Every structure is written in structure tokens, then in C-alpha cells.
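Student: Feature annotation from Swiss-Prot assigns [4Fe-4S] cluster binding site to CYS385, CYS389, CYS392. The compositional bias 'Basic and acidic residues' feature in Swiss-Prot is assigned to 723-735. If you look up Swiss-Prot, you'll see 371-649 marked as domain 'Radical SAM core'. Per Swiss-Prot, region 'Disordered' is recorded for 670-766.
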Amino acid sequence: MQAAKPLYDYPKYWAECFGPAPFLPMSREEMDLLGWDSCDIIIVTGDAYVDHPSFGMAIIGRLLEAQGFRVGIIAQPNWQSKDDFMKLGEPNLFFGVAAGNMDSMINRYTADKKIRSDDAYTPGGLAGSRPDRASLVYSQRCKEAYKHVPIVLGGIEASLRRIAHYDYWQDKVRHSILIDASADILLFGNAERAVVEVAQRLSNGEKIETITDVRGTAFVRRDTPQGWYEIDSTRIDRPGRVDKIINPYVNTQDTQACAIEQAKGDQEDPNEAKVVQILDSPAVTREKSVIRLPSFEKVRNDPVLYAHANRVLHLETNPGNARALVQKHGEVDVWFNPPPIPMSTEEMDYVFGMPYARVPHPAYGKERIPAYEMIRFSVNIMRGCFGGCTFCSITEHEGRIIQNRSHESILHEIEEMRDKVPGFTGVVSDLGGPTANMYRIACKSPEIEKYCRKPSCVFPGICENLNTDHSSLIELYRKARALPGVKKILIASGLRYDLAVESPEYVKELVTHHVGGYLKIAPEHTERGPLDKMMKPGIGTYDRFKRMFEKFSKEAGKEQYLIPYFIAAHPGTTDEDMMNLALWLKGNGFRADQVQAFYPSPMASATAMYHSGKNPLRKVTYKSEGVEIVKSDEQRRLHKAFLRYHDPKGWPMLREALQRMGRADLIGPGKHQLIPLHQPQTDTYQSARRKNSTPAGSHKVGKDQKILTQHTGLPPRGSDGSKPWDKREKAKAEAFARNQQAAKERKEASKGGKGNKKPRQPVIPR
């Protein structure tokens, strides 16, 4: 793969003499204390500013600071006017604009398009602190404040909307966000390389419009520059000339007797064979090739062409062989350079080794930021995911090549967390990343990796060229456990269990030392139809992992349980598929409290299926394979009701559906039937989200286990508007439930005896 200039090899900007700031300034007063008269770069973000490497503005801000630039932060500005965008003054180089760690629409709306009651990235968890499509609004306000200052767009919202994309909330295809935002350049994916190069070149006096050769960037241009070879991919199913089949019984040797030849006379026949002179073609390299996608206007009006464009985009994501892409929007082209070169281990250590304070900015006082509470005692050990799940955006954003930190860097961060972060009790809440167990896993051959164009390394089966050795991760776990002051290392990131079963030693290490009672994994479904569209392994792999998990838990003398996640209404899912999943859940004693319906996020392959009804995992034509789509609100509710088969509120809908499907035999009181024949007098089922529901852990898991199928990465919300629980609060709830049960048993045991003293009730956690 092409080598890239290391991040730490750039010359430092003159302002390096100021040194690193305790926190990147959010006000003029802080700038004055630092001795700054202005900022070189101002980052505008939709999240609260937390100086922690799990937050994008902190990573980019600290990286630019290490290059010598003075970086200010405008976090969650009031977008109703330009005033907040001017509070740090005019930046010398550019505004860096991002919606935050999440797409602003996904952050605000549920999969059913209902407004969320909270925002985990805002102090106090309050909703409404950022606008819809925040990247657009912030960019426009920055232009209004300082018209001539370049705007560099980044973050996951911009990254996944860089191309003409289907917008679930408006149910239409929208322009590239670069067009709507009127930004000067867009950085997609993990943007460390691109932002450093853009900042360095702007500081050297280059104009933003001349920076067109940086990988991982998109920008607007009028036409394809000279020296580039354009590959036309704007159409599918190209019709060609069809020759009439010659009758085998006609004698064609006597051409003089042929009426066609006689009628032709001396006129030249365009179908007549001619001598062709072969000329040497100019050398065409992938580096100078650009693929022209169907225009915005075409994909807006033709869902099949939209699916085709999505397929081409995903085929051009390997940094080793990806070509540039271009898409016409009206009179201009949006040009997409190939993805950035993945960072080396040394560069990852450099980025994560910045002087982060690891706490929120002091301006927030004692206000809690729920997303920070979730990750403040966790450590990110890698980036990227080669799973390729079609509903997920991690692969599109971070890439398929795993970027790893060194053991030394990770252990140093744990020690810093132990020594600096208030409230650390010796428990590391997570040692992971996008997935728990892809650390140091890669292709056996760099040459094969360079030319590979597969969308997944583990679907339909694990690639024979993938090295599934978990030994480096096992060694890391053991080193981390041995650190002074560290009592427990938990693994909270989602586990890729199809990889884990390839290393029984890893599963044993994980189960014996790193599971806090529950381990979350994501089979997502049981049926082959939806699983193939998700690019997920079959349920048999889950069963194999479950047996290993239970075996090693028993050997360790621990009572531990798997928490499986499932998705309803994913493309490729039929009503029968959901019925079979419900039967599997009941047969295995699972009850889902929170249900996740498929959420069509921008640029995902599953979203292309949802919009077009075609499968972009295979060649797309107008006659190619169709995909079963769940779009109506009624059918989405039905699929969620199947997941919550135990909830009486869904039984009327399920009875009607089962009768329509010819499966009335599943209605009744029998053990192997799904729902009762009659409705109860009162709907007694209470969701775990409700304030008066039974706290987690109050019932012994194993019979009618409760599972959570919402894997947003955030803790469950209280339906009363209360803040999400962190892991310590969850532990308190479980302890409370155990105490309640013990008190009940003591009370029953003491009945009839003297001195029946009411046991003291423990304090109920919020």
C-alpha cells in the first residue's frame, strides 16, 4: 500500500511556542489567559466539549495543537444567529465544522421518526441543543459570520452524506452535503491525515480551492482535469445491436443470388468486416482513473441507479486500490479522492498520546454529560472493522483495515486514567473499539490486502487469508490486569463471536476474567434471508459460541449470561422470518424489553436496499434480484411485536397476522405456541424503561431472560426523563434487587417468631 507522510513529520507552525493548553479555549477570556490574540483554527461542533480521545473535536483539536496551531472550540452554539460563531473572533486559517460524534438526525430522532427525549452528548442529557442537519446550519452560519474564511467540513455526518444520499426523514435523495452546506472542502473517514495536510498547506499560503490532491477529501470542480482517464458508470443494462440469426438451411455461398446483396448495390455495409488497425493505448493507471457515477438528478429519480451508485462506492473503499469518484450535481461535479491511508501503530500512539485532560471542559461545572459517563473509564485500543455489516456505518467511516495501538500506549493510558480521572475505582469499563476482538487481526499478506475488493473479511465465511490469531489481545488483557491499582478489566464492546470461536483460548480468557455477569453479542436474526442481507453469520455460529461461553463460565465457577441483540424490519425480512425469530426467542427463554427497528442511515448498503428494493451486494440491473422491504408503519409495528411476543399489547396484531399467515396453530396456551388465545383483563407487562418496573437483576437469568435489542451504545433511558444509568448505577440496581429478595426471604423465615422487625430497606438508585 502507498506510504503516507507520518503525522509527526510535518514542520511545526510558529505558534508552537505557546505550548499545549490545559483545555482548548471556548471563550475570549481563556484565549487571553493563554496569551493568544486570535485562533488559527476554530472547531465548531454539535457536542459538548469533552477533552477525551473518544470525542472527535478533542482528537482533531489536540492533533492540530501538536502541529503548532492555536485551536479554539465553539461547542453547541446557538444557531439562531451568527453571534456565537463570532465569539472567538475570526480564525486565521479555517473553520472546522462537524455535527458531532453522531449524525444529528439519528441523534434527535428514533427509527420511527419520533423526537428523542434526551441527548447523551449534551450537559444534563438535555435534547434540543443542536439543529437538524447541524453540519449544514453551522457551515451557513460560519459563512454568514466571516464570508471569506474557508470552511472544512468533517465528522461522521458529513462523511456519510458526501455523495447523493437517501434521506430517511424526508424520504428522498438529497444532494451531497458539500453542495447544500456551501463548504469549501469535505474530509471523510478518520480525518487526521487530511486535516493536518490541509492546515499545513493553508498555513503556507495555498488557497483552499487549489487543494485537490489530498486523499480522503471531497470538493466541487467544474470538469475532469487533463491527464485523468474517466470510466463511465452512469448506466446499467446497456442495450447492444442484436444480429438476426441466419437460417441454417439457406445457402449463403451464392452471393449474386442474394436479393439483399443485389438491393445494396455499391453502398458500403456498416456490418461488413473490415481490417482494424490496432493502436497503442495510452498507459492508464488506477491513480489517474476516475469513475463517473450516475448524476444526482438520475439517482434521485431512479432507485435502481441509486443502488448501482451505492455498489460502486462501496467497491472503491480499499485505500490500496480505490479509484477517485465523481458525481454531477447540476452544473458542477463533486469529486471524491480515494480514502485515506490507514494510520500506523506509531501514528495511532501519537494521536492517543496527546495531553488530553480526559474530563469535560470546566465551563460545564458539575453538569453530567451522559456519553462521557459511559466512556470515562474506557480505553480505545483500535479503529476500523472488517465485518462489513450492511446496516452499520463503522466500516464506511473508519475503513476495513484495523489500525492498532501498541501495548505500551494502551497501558500508559490506563495508568493516566488511574492517576488523573476523578472517581476511578480500579475498574476499566471497556478495553475495545468498534468491535472487542479485532485487535491485531489482519490479512496474512499485505499484497493480497492491497488488491482485495471484498466487502467483508468474515462473510459468507471467514476469509482463508485472514489471520485470526488473538494472542496479542490475550497478552494485552493479561498486562492490563497486572497493572497496580487495576482491579477489573471489563469488555463492553460488541464481540464478533464468529472470530472468537476460532480462538478457544481467547474465549476462555474473556469469560474467566473480563465479563461482568453479562456479555453482549449481536446475532441480529436467526433466519438466513435477513442475515444474508446484513452480511452476518448464521445462528449456528451463535450456538457454537454459546456452548463455549457456558463451558468456560462453568469452569471458572461463574454464573454469566449472553445478551443477544436483534433487529426488526431489516431489508430482506419477511413476516415468516420474524415469526420464526419469535419462536426461537420463546424457545430459548428470551424476552426483549427494548426493540431496535432497522434505521436507514445515510450511505449504508442496507439503506440502498430499503430505498431501491435491489441488492447492491451483487451486480445491480433492472432485472436483478429484488429485496423484501418493510416500509409501512403497520408492518414495522408487526415485526417489533414479534420481537416482543410476550407483551399483551401486541397480541391482537399478532393473532391477526398469524391467522393471515395460516399459522393459527401458534395461538393458544401451549408451551410451543407463541401467544395466548385471549387477551388478559389488564396489560400487566411492564417495560424495563418504566420507573415502576423491576430493576435489572431482580429475577434469576436463565428462565425468561430479559434482553435488550437496542444497541445504540448508550445506556437505557428512564421514561420519566431521568438520565441514563452508567455501569455503577446499574450495579447499584442489581444490588438493590438482591437485597430486596434477601429481605423478602428473611421476612418469610421469621413469620410466626417473635421480634418480627421490618428489615431496613436499601436506598433505591435513581
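Here the Cβ of each residue, glycine as well, is placed from N, Cα and C on the backbone.
Quantities reported herein were computed from a predicted structural model and do not represent experimental measurements.
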Student: Would you list, in sequence order, the residues of this chain other than CYS385, CYS389, CYS392 that have their CB within 8 A of the centroid of the site's CB atoms, where the site is the one recorded for [4Fe-4S] cluster?
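Tutor: Leaving out the recorded residues gives GLY387, GLY388, PHE391, SER393, ILE394, THR395, PRO434.
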Student: Rank the binding-site residues CYS385, CYS389, CYS392 by how many other Cβ atoms lie within 10 Å of each Cβ and give me the one with the fewest.
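Tutor: Taking CYS385, CYS389, CYS392 as the binding-site residues, the minimal 10 Å Cβ count falls on CYS392.
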Student: Which whole-number mean pLDDT does the model give the domain 'Radical SAM core' (371-649)?
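Tutor: Across the domain 'Radical SAM core' (371-649), the average pLDDT comes out at 95.
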